[in-house]
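Student: Sending over a structure as structure tokens; questions will come in a sec.
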Amino acid sequence: MGFITKAIPIVLAALSTVNGARILEAGPHAETIPNKYIVVMKKDVSEESFSAHTTWLSQTLNSRLMRRAGSSKPMAGMQNKYSLGGIFRAYSGEFDDAMIKDISSHDDVDFIEPDFVVRATTNGTNLTHQDNVPSWGLARVSTRKPGGTTYYYDPSAGKGVTAYVIDTGIDTKHEDFGGRAKWGKNLVDQMDEDCNGHGTHVAGTVGGTKYGLAKGVSLVAVKVLDCEGSGSNSGVIKGMEWAMMDASGGGNGTAKAAGKAVMNMSLGGPRSEATNQAAKAISDAGIFLAVAAGNENMDAQHSSPASEPSVCTVAASTKDDGKANFSNFGSVVDVYAPGKDIVSLKPGGGTDTLSGTSMASPHVCGLGAYLIGLGKQGGPGLCDTIKEMANDAIQSPGEDTTSKLIYNGSGK
């Protein structure tokens, strides 16, 4: 999996059904990881039954390893186990064809899909203001017409809200974060640093002091993509699980309450039922999740998590209120946000200019944090609030696509 600088267009098709369990195959453009799979349980499977299933799995794998000793390199078996909100239970790992066949025969299994590479998606009253904004997107989201250079916002600025950035990490020491950014979880390597830059740029738009929409928000880095901006779908889902648990108080409880948390996923890959179910579990937990629509100039229904209806899917606009030529579109898009030539932070200090729906999504995540700070209800319903506030501004938005551009309600 990677950021939405470029997401891989794909549709998962049912390959076969064995005793009720669907085995899915990736489309022709997916970068599948050899012998790696995600196994998703049926929604009515209890934690006790899930535990019994994984115990059976471990025992079966150990038995086969003993029989095969010395004959070939053994498969790694189960590597990750997921439980999101009691409604999404799954595991991932490395399995051979024979083991996949056995797993698929279990009644508790809903479907099995191949693991694949995911990439980042780059290509009022009492208001205060920021003049001569460093990035045009800030001014655009606080005024009804394009061309402004001032960002108008309430001084509450997202204080008391926590934003989880599921990406390449964050340079938490960057001066523009003012000590409000910290590391949450690293699922990639032993380096708590953003060696790519994508995550820091995204976080800067969400909540940088100078470059961000929610200038008082707390930021948490969840690293699921490597220095090249890539990672596995299974690893991304593990990061989603950690962030949801932390936001709900099940981890360190950074956000204290799910309704005071927002999340951003400026990444995507082929359409994945597993990813979409995990995203829905986050929404069902009462957490607002903004995601990038993707950069293939195609219908976003073919990408995940953009195709999940319960999240807030964001397409990219240009400085003159046009659709960015790379941006995905379609009925799953909820809103447009600035995404072309966006200036934000880079690791080590200073700034960088990037384009992509990766840059659009954090505008919506930051706006979500800002609105919660103003007292708006959090959770997935916040996307409806954002759509209601948005301006009908985008010219030629794409087939069957909204023309709504986000607006913070400043009255300007």
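Each residue, glycine too, has its Cβ placed from N, Cα and C.
If you look up Swiss-Prot, you'll see 1-20 marked as signal peptide. Under the heading domain 'Inhibitor I9', Swiss-Prot lists 36-120. Among the features that Swiss-Prot reports, N-linked glycosylation site is placed at N123, N126, N252, N264, N325, N408. Look at Swiss-Prot and you will find 135-412 tagged as domain 'Peptidase S8'. The active site, charge relay system feature in Swiss-Prot is assigned to D167, H198, S358; the stated evidence is sequence analysis.
Are these features on the surface or tucked inside, and what touches them?
Tutor: Across the domain 'Inhibitor I9' (36-120), the prediction's mean pLDDT works out to 88.
When secondary structure is read from DSSP and collapsed to three states, N123 (N-linked glycosylation site) falls in the coil class.
Long-range neighbours of N126 (N-linked glycosylation site) (same chain, six or more residues apart, CB within less than 8 Å of its CB): D154, P155.
Classification of D167 (active site, charge relay system) by DSSP places it within a strand.
A simple way to gauge crowding: the CB of H198 (active site, charge relay system) has 31 other CB atoms within 10 angstroms, across all the protein chains here. In the three-state DSSP scheme, H198 (active site, charge relay system) is classed as helix.
In sequence order, A163, Y164, V165, I166, D167, V202, V206, L289, A290, V291, S361, P362, C365 are the residues near N264 (N-linked glycosylation site), counting only same-chain partners six or more apart with C-beta under 8 A.
Residue environment of N325 (N-linked glycosylation site) contains 12 other Cβ atoms, counted within 10 Å of its Cβ in all protein chains.
According to DSSP, S358 (active site, charge relay system) sits within a helical segment.
Of all Cβ atoms in the shown protein chains, 26 besides its own fall within 10 Å of the Cβ of N408 (N-linked glycosylation site).
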Student: How would DSSP class N264 (N-linked glycosylation site) in three states?
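Tutor: N264 (N-linked glycosylation site) sits in a strand per DSSP.
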Student: Among the recorded positions listed here (N123, S358), identify the one with the smallest other-Cβ count within 10 Å.
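Tutor: Minimum Cβ neighbour count within 10 Å, taken over the recorded positions N123, S358, occurs at N123.
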Student: For D167 (active site, charge relay system), just count the other CB atoms lying within 10 A of its CB, please.
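Tutor: 32, counting other Cβ atoms within 10 Å of D167 (active site, charge relay system).
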Student: Could you state the CA-to-CA distance between N123 (N-linked glycosylation site) and S358 (active site, charge relay system) to the nearest Å?
Tutor: 8
